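See structure below.
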Amino acid sequence: MTRKPLSPNPCRRGAAAVELALLLPLLALLFSAGVDFARALRTTQVLQSAAGSAGTYATGTAWTPASTTTTADAAVAAALAEGAGLDPPLQASQVTITTVGNTVTVTVAYDMPLFTQFLIPAGTVHLERTAAGRVAPRPGE
């Protein structure tokens, strides 16, 4: 008795290529959305660190040479140093410092450009982080 060799069904030839062609755009979209999500998480961590560093300077708990810079300028410089690794880097206009009574609030706002710009019409996501703290008492005041 002779056996027939196993061969693929002639009707199924090329089916894998067609399935790949149909699924590849969806897989690429999922991958790029995952990349954007990871970038957004990293950016929010950098923004929170920038707001925290600026808050430390704004409350007066960090040392700043009084003769060269004001506390607000030192706070903005600290935020810009933390946000220098972002692409595009953090700008001074994106750092806001407000003082109400004995409380200082530092807000860092950033528009992160997306890798998948075709999903959202603006092509960016607005991220904002805030740090607040009490103003440290200064000797002699």
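Using the three backbone atoms N, Cα and C, a Cβ is placed for every residue, glycine included.
These figures come from a predicted structure and were not determined experimentally.
Per TrEMBL, the features are:
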type	residues	note
DOMAIN	14-52	domain 'TadE-like'
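Sorting each residue of the domain 'TadE-like' (14-52) by its DSSP state yields 38 helix, 0 strand, 1 coil. Restricting the average to the domain 'TadE-like' (14-52) gives a pLDDT of 93.
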